[in-house]
Amino acid sequence: MDLSVINPILLFAALMSAATPILFAATGELIVERAGVLNLGVEGMMIVGAICGFAIAVETGSPIVGFLAAAAGGALLSLLFAFLTQITLANQVASGLALTLFGLGLSALLGQGYVGIKPPRLPDVNFGFLADIPLIGPIVFSHDPILYVGLILVAAVWATLKFTRAGLILRAVGENHDAAHALGYKVVRIRTLAIMFGGACAGMGGAYISLIRVPQWTEGMTAGVGWIALALVVFASWKPWRVLLGAYLFGGITQLQLNLQGAGVAIPVEYLAMSPYLITIVVLVILSADKSAAPGSLGRTFHASS
Amino acid sequence: MKIKTLLASAAMALGLATSVYADGHEKTKVGFVYVGPVGDGGWTYEHNKGRLAVEEEFGDAVETVFVENVAEGPDSERVMTQMALDGADLIFTTSFGYMDPTINIAKKFPDVKFEHATGYKRADNVSTYSARFYEGRAIQGHIAGSMTKSNIIGYIGSFPIPEVIRGINSAYIHAKKVNPDVQFKIVWAYTWFDPAKEADAAKVLIEQGADVVLQHTDSTAPQAAAQEAGNVITFGQASDMGQYAPLPRVSSIIDDWAPYYIARTRAVMDGTWESKDTWDGIGAGMVGIGEISDAVPADIKEQALAMKTAIADGSYHPFTGPLKKQDGSDWLAEGEVADDGTLAGMNFYVEGLEGDIPQ
Amino acid sequence: MIRLEKRPQPSRTFAYLTPLLAVLATFFFGGLLFAALGKDPVASILTIFWEPLFGEFSFYYRPQLLIKGAPLVLIAIGLSLGFKAGIWNIGAEGQYIMGALFGAGVGLAFYPAESFLIFPLMVLAGGFGGWLWAMIPAVLKVKFGTNEILVSLMLVYVAEQFLASMSLGLLKNPEGFGFPGSRNLQQYDSAHNAEIIVGSGMHWGVVAALIAVIFAYVLLARHRLGFAVRVTGEAPRAARFAGVNPSRLILFCLGTSGLLAGLAGLFEVSGPAGQISIDFNVGYGFTAIIVAFLGRLHPIGIVLAGLLMALTYIGGDIAQSQLGLPAAAIQVFQGMLLFFLLALDMFTNYRLHFGRTEAA
C-alpha cells in the first residue's frame with residue numbers, strides 16, 4: 001500500500017470531468033422537478049443525446065455542432081414524455097420508464113453504423129500561462145469547454161430560480177399547480193418547456209460521455225448514469241449548488257475507489273459503490289424534517305378542470 | 001431464386017447437403033446466442049464476426065440466426081429452445097452464464113449440437129470452447145516490461161475470475177523476466193463493459209505513474225484515455241482496436257472465433273461432429289496477435305514475434321517453472337509446465353505480484 | 001378549440017376500447033419501423049404476436065408466457081395496491097433481488113441436506129427479504145415523512161451491489177472453479193422450485209401469482225382494507241374522516257409489495273433461473289411498474305398486461321432469430337406500445353370537447 005501515489009490535484013481534476021455528465025443531466029432534471037414533474041426517462045434521453053451528438057459530430061467533423069445536436073435530440077425525445085404527461089395526462093412514473101426503454105432501443109438503432117469510429121476531438125480550452133499555476137492550474141484551467149458550460153449552467157439555473165420572474169413562476173407551478181393556474185399561469189406550457197430543457201441537458205450529458213469522456217459509441221454506453229442523476233437531484237434537495245457538490249461526491253467516490261485500488265489498498269469495492277446511495281438516503285431523511293424541500297406538486301398530474 | 005436453387009443442388013452434389021435431417025431441411029442451420037448487443041465493439045461483436053465468417057465460407061449451404069441481448073437464465077433457455085425447434089443443427093452459446101441453460105436444453109434436443117463458450121460442463125451433444133488468451137498476455141507482458149520507463153504497469157481487470165487472473169499472472173511473469181523492477185498496479189472495474197468507468201480506471205492508473213496500460217475489459221475507452229495522456233502504450237483487447245495504432249495501441253489480442261466456428265459447422269455438415277473440450281490459443285488461430293506497431297523498437301518486436309512463434313508451435317508454454325505462488329510456496333519446478341486443470345481454476349497470484357485477489 | 005373534459009365516471013367503453021386501439025396503432029407504426037428496416041412488416045408483427053400463441057410451436061411458447069409473465073404479475077399486483085393509495089414503491093427490483101438472496105441463502109445454507117421443509121423455509125425467507133427491504137422506505141416515510149419513491153429507488157442500487165458482492169463472495173459455488181455465481185438450485189432437489197406439471201410452465205411462482213391476483217381482487221372489492229386503499233388514493237382527506245390510519249396503510253402497502261417482489265425473486269432463483277449471479281436481475285421490478293399501469297391497477301388488467309408484456313418479449317426474441325430484426329427494434333416497438341397505451345388511456349377518464357372554452 002502506498003497512498004503517496006495518489007495525487008489529490010489530479011484526482012480532483014479527474015473527478016470534475018467524471019462528474020460532468022451527471023451534472024448536466026441532474027441540473028436539467030432539477031428544473032423539471034422544480035416545475036413539479038418527475039421524469040424517470042433521464043437515462044433514455046442521455047443515451048439518445050449520446051448517439052445524436054456522436055453521429056452529428058462525426059458527420060460534420062465538429063464536436064460543438066455535435067453537442068448542439070445532442071441537446072436537440074434529448075429535447076425532441078423529451079417532447080414525447082411531455083405529450084404523454086401534459087397533454088394526455090398519463091402517469092409520470094410509467095411514462096418515464098417507457099421513455100427510457102424507448103430511448104435505449106432508439107439509440108441502438110440510430111447508432112448501428114457508428115460502432116468503432118473515433119469522433120473528432122474537442123481540444124481543451126487554452127488558458128495560456130494560467131494552466132501552469134500550481135494547484136489552481138490543473139484544477140481550474142485544464143479542461144474542455146463543455147465542462148465550463150456545465151458549471152455556467154449550474155450558476156445560470158441557480159440565478160434564474162432565485163432572482164428572476166421566470167424562476168419564480170416555475171417554482172410556483174411546481175409548488176402548487178392549481179394555485180399557479182388560478183393566477184393565470186400556463187401550467188402545461190411551462191412544464192413542457194421545463195421538460196424540454198431537462199431533455200436538452202440530459203442529451204448534452206450523454207454526448208459528454210460519447211464525445212469527451214470515452215470517446216466512442218457503443219450501445220448502452222451510459223450504463224446507468226441517468227439513474228444516478230435522478231438520485232443526485234434528491235440528494236441535492238432540489239438546489240443547484242448542491243447538485244454540483246453531489247455530482248463531485250458521486251463522481252469522486254468512483255475516482256477515489258479506483259485510486260485506492262491502484263495504490264494497493266484492499267477495499268470492498270461493492271460496499272464503497274453502494275455508499276453514495278446510502279448517503280443519499282440519509283440526506284433524504286434529514287431533509288424530510290424540512291417540509292419545504294421537495295416541490296409540492298412533484299409527480300402529480302395537472303388538469304385545469306380538476 | 002434460381003441461383004439459390006442452383007447452389008443448393010450444387011451443394012447436394014458435393015455431398016454437403018444434410019438431407020439426413022429428419023425434418024428434411026437442406027441448409028445447415030447454425031444459431032448464435034449473444035449476451036450483449038452486436039454493436040458492443042468487443043465480445044459479442046467478435047462472436048458475430050465469426051458468425052459472418054461462417055456465412056461467407058459456406059454461402060447458401062448454411063443459414064445462420066442470432067438473438068442478441070439475451071439474459072442469462074430462463075430467457076436464454078427459451079431462445080435456445082426456439083432455435084432448436086426452428087431446426088437449428090448447431091447452436092453456439094457465447095457466454096459463461098449460459099452454461100447450465102445449455103446443458104438443460106441439450107438434454108431435450110439430443111440431435112442438436114451445442115457449443116458453449118468458456119464453460120466447463122459438457123455432454124454428448126455439448127462441446128465447450130475457449131481461447132488461451134493468456135498466451136497473448138505473455139507477449140504483451142514481454143513488450144510491456146521491455147518498454148516501460150516508469151516500471152509501473154497498470155492493469156484493468158473486469159472481475160476476479162480465473163480467466164482474468166491467468167492473464168495478469170502471464171503478463172506479469174513475462175514483464176518481470178525482462179525487467180525485474182517492474183511493478184503491476186491492478187484495478188478491478190467490476191464490469192465487462194462500462195466505457196466511462198474503464199476510461200476512469202485507465203486515467204487513474206496513468207496518474208499513478210503507469211506508462212503501460214493493459215486491459216481485460218472490452219471497450220476502447222482506455223485506449224482513448226491513454227492517447228490523450230500521451231507517452232502511454234496500450235494493447236487492444238477482444239478486437240484489434242487498430243484505430244488507436246501505432247500509438248498508444250502497440251499490439252492487441254484478438255478473439256478470432258471464425259476458424260473454430262467454420263470448422264465446427266463443417267463437422268456438423270459432414271457428420272463428424274463430436275463433443276469435445278477445445279482450448280485453443282495462438283497456434284490454432286483462436287487468439288490473434290494484432291500487428292505490433294512501429295512504436296515498438298525493432299529488437300523488442302523481434303523477440304515478441306519469436307515468442308509468438310514458440311508459443312504457436314508448442315515449444316514454449318507461458319507458465320513454465322520455476323514459478324512460485326504469491327505466498328512464496330512452490331508451484332512449478334524447473335521446466336515443469338502448468339496443467340490445464342490448475343490454469344482453468346486459477347485463483348492465486350504468482351510470486352511478486354502485490355495485493356490480494358478480492359473475494 | 002379542442003379541450004379535455006373530465007368524465008364524471010370513467011368510460012367503460014373506452015376502458016375496453018383503448019388497449020385495442022393502442023395495439024392497432026402500435027401495429028401500424030411498428031410496421032412502418034420494421035418496413036424502414038427492410039423487413040416485411042406483416043410477417044414481423046405476426047411473428048411477435050401470433051407465433052407464440054398459435055404458431056407451430058405454441059405448445060412450447062404458451063407455458064413460457066407463464067414463466068415470463070408470472071414474476072411481472074406477482075410484483076405488479078403488490079405495486080398496484082400502493083399505487084392505488086398514492087404510495088409509490090418503485091424499488092421492486094431491489095426487493096426482488098433481496099428476496100432471491102435471502103431465499104437462496106437459506107436454501108444453500110442447508111446444502112446438501114435433503115428435506116421437504118427446506119423449500120417452504122426458503123419461501124418464507126424470500127418473502128421476508130423483500131418485505132424487509134420495502135420496510136426501509138416504509139418506516140422512513142412513517143417516521144420522518146421521507147419520500148418513498150426516492151428511497152426505494154436508491155435501495156435498488158444498494159441491492160445490486162449487494163448481489164454482486166454475494167455472487168463473488170459468500171454465495172459463490174465452492175465447486176465452480178472460481179467463477180462468480182452460486183450453486184444451481186435446480187440441481188438441489190429440496191430447494192428446486194420445479195414445474196408442478198412438467199412442460200406446463202406452472203411452477204410455484206405462477207401459483208403464487210394467481211393467489212395474489214385473487215387475494216388482491218377480493219381485498220379491493222370486499223375488504224375494509226381495500227376500501228381504505230381506494231379512498232386514500234382518491235380522496236386522502238376523506239380517508240382520514242373515514243378512520244383510515246395512514247401510517248398503517250403505508251406499512252401495509254409497501255410491506256405487501258415488497259413481500260410479493262421478494263417471493264417473485266425467490267421463485268425465479270429457485271426455479272427458472274436456478275442460481276444467484278451478478279446479472280441475476282433482468283429488470284422485472286421496473287417492467288412490473290409499467291405492467292401495473294397498463295393493467296390500470298386492476299388485478300385482472302394486470303394479468304392481461306403481464307401476459308402482453310411477456311408476449312412481446314417472447315415474440316420479440318423469435319422475430320430476432322427468424323427475421324433478423326435487431327433487439328433494438330423490438331425495444332423501440334415495446335416502447336411504442338407503452339406510449340400508445342398510456343396516451344390513449346386518457347379517453348377513459350376524459351373526453352374531447354370541441355368548441356370555445358367556457359369560463360370554469
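Counting begins at 1 with the first residue displayed.
Any Cβ shown, glycine's included, is placed from N, Cα and C.
Pulled from TrEMBL, these are the features on record:
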type: TRANSMEM; residues: A:6-25; note: transmembrane segment
type: TRANSMEM; residues: A:37-58; note: transmembrane segment
type: TRANSMEM; residues: A:64-84; note: transmembrane segment
type: TRANSMEM; residues: A:96-115; note: transmembrane segment
type: TRANSMEM; residues: A:135-161; note: transmembrane segment
type: TRANSMEM; residues: A:193-214; note: transmembrane segment
type: TRANSMEM; residues: A:220-238; note: transmembrane segment
type: TRANSMEM; residues: A:271-289; note: transmembrane segment
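Stretch with the largest number of CB pairs closer than 8 A to the transmembrane segment (A:64-84), among A:6-25, A:37-58, A:96-115, A:135-161, A:193-214: A:193-214.
Just going by CB pairs under 8 A, the stretch in A:6-25, A:96-115, A:135-161, A:220-238, A:271-289 that sits most against the transmembrane segment (A:193-214) is A:6-25. Outside the transmembrane segment (A:271-289) by six or more residues, the chain places 228, 231-232, 234-235, 237, 249-250, 253-254, 256-257 with a CB less than 8 A from a CB of the stretch.
Most Cβ pairs under 8 Å to the transmembrane segment (A:37-58), among the stretches A:6-25, A:96-115, A:135-161, A:220-238, belong to A:96-115.
Listed by sequence, the residues of this chain that lie at least six past the ends of the transmembrane segment (A:96-115) yet keep a Cβ under 8 A from its Cβ atoms are 38-48, 50-52, 54-55, 58, 77-78, 80-81, 84, 217-220, 226.
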